[in-house]
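Colleague: Just passing along the structure, written as structure tokens.
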């Protein structure tokens, strides 16, 4: 984009903002493109919606089933379990390979992975809701500029690789709620397997996939747990946001239990 823009402006071209209607890849020119091109444009066009739906699904549905003792994936001894394992490992390996081959370190991949998760359940979710409500005529899209001024403390946190959670509760609540649901599901499953269930080995075998998924989400987003419990600086997650998230997570767990049981 940089070199293209530089050459065009050097030749005298003028820049304008183009935002035409109905340029959806599914209805605009699908017969004049190859299937691969159509899929690529569709992935770019619907990326926020696909990411927020998939992340909310993977971060909540298996956990609600785990919380209520409902197996969602095949047992570890089932050959079909290998399919889910291969998909997960290949997805992680692909993103890690892309980061490493471009000269970056492992921590860069870790940060990109968890930022993708955070962004999908916050900004992508709110952005998609805003667009849907706008298209239905229920809300007018607005743009509010935010303060971009940074202080020395923010710069120091950035250089240390520490998250700054000083933002509105509406953005923190979905993220913290997802983490609390995963904590409740994972801890409850571990307690049931070790203490409550007489046939613990069978329980581990049935629930391993969902337990691993919750554990992976918690490890990937340990910065959020740290911001809620461990940190004491000004950039931690405010107690009010945590309390609101506790209410939301308990409500989701209750509704999930009523539906699933």
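Glycine too: its Cβ is placed from the backbone N, Cα and C atoms.
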Colleague: Ranges 147-165, 242-260: which does TrEMBL label transmembrane segment?
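Modeller: It is 242-260 that TrEMBL describes as transmembrane segment.
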Colleague: Of the ranges 14-37, 38-61, which one does TrEMBL list as transmembrane segment?
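Modeller: Spelled out, TrEMBL records transmembrane segment over residues 38-61, not the other listed ranges.
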Colleague: Which sequence positions outside the transmembrane segment (211-230), separated from its termini by at least 6 residues, show Cβ-Cβ distances below 8 Å to it?
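Modeller: Here the qualifying positions are 58-59, 62-63, 66, 110, 113-114, 117-118, 162-163, 165, 175-176, 178-179, 182-183, 185-186, 189-190, 204, 236-237, 242.
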